[in-house]
Amino acid sequence: MNTTPLTTFSKYRLAGFYLAIGLIVLSLIGLGTKGLNLGLDFSGGYMTEFTTSQSIAKSQMQSQLASQLSADFELSSSAGNTQWTLRQADGVADVIDKTWLTTFASQSGFDITPQDSVYIGSQVGAELIDNGSLALLVAAIAMMLYLTWRFEWRLACGSLVALVHDVIVVLGLFAWLGLPFDLTVLASVLAIIGYSLNDSIIIGDRLREVMRAKNNMSMSDLVDTAIKSTMTRSLITSGTTLATISAIWIFGGQPLQGFAIGLFAGVVFGTLSSVAVSATIPQLIGLKPEFYQQRAQALLVNDEP
Amino acid sequence: MRTTTSKPKYTWQILVIVITVFILGLNAIPTLYGNNNALLVSVIKPSQTQANTQQIAGAQQLPSPIQLPSVQRLRKVMQQADIQVKQIITNNTDSKIVIEGDDEALLRAQQQLKNTLSDAYQVRLGSQSAAPSWLQELGMAPIKLGLDLSGGVLFVLEVDTNKADQERLGNVKDQILQLIHDQGLRGVSVKIAASNNTSEGNGAMTLQFSPQQATQVKSLINELRQELPDINYTKTSERNASLVFTEQSINTFHQEIMAQALTTLRGRIAELGITEAVTQRQGKNRIRIELPGVKDPEQAKRIIGATASLDFYELASSDTMGAKNFSDEDGRHLTVAPKPIFSGSNIENANAGRDELGMALVNLALDGLGGKRMSEFSKANIGKPMVTVFSEYYKNTNNELVKSSKVISVATIQSQLGNRFSITNLSSPQAAADLALLLRAGSLDAPISIVQQRTIQASLGQENVGNGMMALSIGLSITLLFMALWYRKLGLIANASLVLNLVCLLGLMALLPNVVLTLPGIAGLVLTVGMAVDTNVLIFERIKEERLRGRSNFMAIETGYKEAFATILDANITTMITALILLSIGYGPVKGFAMTLSLGILTSMFTGVFVAHVLTYLVKPQIRIKQQEQI
């Protein structure tokens, strides 16, 4: 395969391929050591959100709450210590509700407005983990079936590795940064699966086409040609998609933050993997242009001229 | 696919596009107007106001049938509360007052109406599309907003089917005991095997008898099976036999319980005066209830989560087989007949009131069957007491559901009663009102518990709508600007089809029932905008390539659209697969996202391929190419 010297583009492509492998390893380490910070959707429990009209030091709020609440809780704040999120585990004795907050407001002297309160039974959360993992698995299998039907198995394999790369790297990112992994992030991961395949298929389609047309080039050059000719498209689509995701990230408010981060990372790594992984793998596991030329001949009878 | 190379006319294509865009566009318009707050004034069910109630104790005067208040009067009441009325729509059953102003004004208006109008009226909260009336007359409504955008309360309830199974077995056991007693089979015993929650939970019953009694037991079982054909009888040994319900029977029973729970909960929500609630089954034994615009989640929780039932019993001597024991508030033990005379399910109507001494009471109206039983029973038992038992499930400290029953009244029957009478001696007007509401809405046989609850303030909802719309408009502007700068004339075509895509998507969402727009749904919308241009980009890049290969302008466009189509289809099918998987697992936020994503794929295929193709033909752009772009 390496009979002809590699072009600069091929070198970059291979470098990208090794980078992708490195990222997978790094992500797996993160997932193994730190694990995902499962959000309320999966862990179950209570979450209460409220705002205060003035900025209050977090330590002050923490001690005020601790003096009123007998049970354990977790406090976080945003928007300059005016937006507060309180989390409690399922089954605690002291549950915060609207009346509790009103009493707390009058006792502490803070001006408190309740915003959102959520209770999710731990049973529901556990079920959701099962359903979520099942959905990821079913999605991967459905994709593989569709791809093997549509493409040659080596091409399908390349797209699948790219897809697994994207999912693992996004999960790894969430593990390393300790960002809460909730239902919307799961949705973004599933959306990434679709997006990643989208990219891989377009490159695969083109690779198939150049393999049919040109048999005087080395496999490496054919892959380069396919990637180069779809490069403009890949960059434009990733660009507009990233621009809209940034709009969600910046303006969509707190509830969509995790979703936007997941998608953003997914599109960035998805573009990398579709360029560097999805077409490189078939080359490495021995896809030859002869395969499609023979096939094209065999199909010539049925094909449109 | 067309294979001709002659210039096509595209007449029917243009027609299809114009009609589709027109219809979907019209549907999209009401969403831009949004909703106005509204109040619904109605007369409390007329059957409750007919004054022929007979009572066990005390007498009560009920008002004569009443009319809806006049439009002038309603306007005046609203003026007093300083609220701008936009419109009052009156029909046979209710008057809808559409007002200007926010939720706070709405609540003020409701309070004012409640204070001014008599108790015979019910004032519920609702909303009315703010779109011009001609659009509304065409049946077009705005897109329904999810709880995270409108504010409100979400409950997910779990129906405890295991408990219901046990309850049913208990009833069968009583029935068998009765049969054993009737046939004089001494020494035969029935036991319900302890149900272990790890397995199916459908406990079996074991019969123990001496070997000589085998034939008699057999005939007993035959008699039982005439009433309950779904029960399976297996003799396990000389002295033992087991009785189990068939798998199919258990499934049907669970289906019935879920259906009953859904109907009952819908009834209760309607009683609470919430008009736009979403009540649906979620999974095997859960029910999801979304109550937009509910201001008092605690009341909603109390009413929705209650599993109260009411049974009326005859007193019995303590040696009766299968007799039940209850104790009343004073700690007296009462023994009652195993089977109630009639139960809460026979109650057709109930409303709270007061007797002449000011004590709270509930007036009941029974259905045909209940009325008949009551009439027969009371005729034969004048001067004897009747026991009313109120049962409720509650959670004990170990988080287990426990049934608690208490006697709420032991009343002496004064005369033969018909289908109308009252339960007197209730502790408070609130207790009477809650009991009446629960009895009206029907009882729940299986206990339910809340497994998920969420309260979103309306202000947070409005903030979410604002954020979502901001993200959408910025994302859209960036995309439109980029496409126009990068592709020039072709870019304008892409932009036109992108805007049409958004219009069609909004129209489709408003048109389809069960589609609810949520915050993640808006995110899906924004994402669709970013990804929809992919279709155009693929085609335009292809056209450029074809031009480079030296094809004519027209041929390059035609080949570009044709060649890119297979790739576009592939790419969209894969996204569609993920969207459908998301739809199937997701509830709430994920579902909203999956919904807009999948509908967005359909509309972007339509506008990106079909509409853009026709537009390209109409505009006939000249695609110039620079030679250095050649690869």
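Here the Cβ of each residue, glycine as well, is placed from N, Cα and C on the backbone.
Per TrEMBL, the features are:
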{"type": "DOMAIN", "residues": "B:258-315", "note": "domain 'Protein translocase subunit SecDF P1'"}
{"type": "DOMAIN", "residues": "B:329-446", "note": "domain 'SecDF P1 head subdomain'"}
{"type": "DOMAIN", "residues": "B:447-618", "note": "domain 'Protein export membrane protein SecD/SecF C-terminal'"}
{"type": "TRANSMEM", "residues": "B:12-33", "note": "transmembrane segment"}
{"type": "TRANSMEM", "residues": "B:468-486", "note": "transmembrane segment"}
{"type": "TRANSMEM", "residues": "B:498-516", "note": "transmembrane segment"}
{"type": "TRANSMEM", "residues": "B:522-543", "note": "transmembrane segment"}
{"type": "TRANSMEM", "residues": "B:564-587", "note": "transmembrane segment"}
{"type": "TRANSMEM", "residues": "B:593-619", "note": "transmembrane segment"}
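Here the domain 'SecDF P1 head subdomain' (B:329-446) has, by DSSP, the following mix of helix, strand and coil residues: 29 helix, 51 strand, 38 coil. Counting residues per DSSP class in helix, strand and coil order gives 23 helix, 20 strand, 15 coil for the domain 'Protein translocase subunit SecDF P1' (B:258-315). Counting same-chain residues at least six beyond the ends of the transmembrane segment (B:564-587), those with a Cβ under 8 angstroms from any Cβ of the stretch are 1, 282, 288, 531, 534-535, 538-539, 542, 593-595, 597-598, 601, 604-605, 608-609. Long-range neighbours of the transmembrane segment (B:522-543) within the same chain, counting only residues 6 or more positions beyond its ends whose Cβ lies under 8 Å from a Cβ of the stretch, are 468-469, 471-472, 475-476, 479, 483, 487, 490, 493-494, 497-498, 501-502, 505, 556-557, 559-561, 563-564, 567-568, 571-572, 575, 592-597, 600-601, 604-605, 607-609, 612, 623. Counting residues 6+ beyond its ends, the transmembrane segment (B:468-486) has Cβ neighbours under 8 Å at 149, 492, 494-495, 498-499, 502, 519, 522-523, 525-526, 529-530, 533, 536 in the same chain. Long-range contacts of the transmembrane segment (B:498-516) within the same chain: residues 20-21, 23-28, 30-31, 140-146, 278, 476, 479-480, 483, 525, 528-529, 532-533, 536, 592, 595-596, 599-600, 602-604, 606-608, 611, each at least 6 residues beyond the stretch ends and with a Cβ under 8 Å from a Cβ of the stretch.
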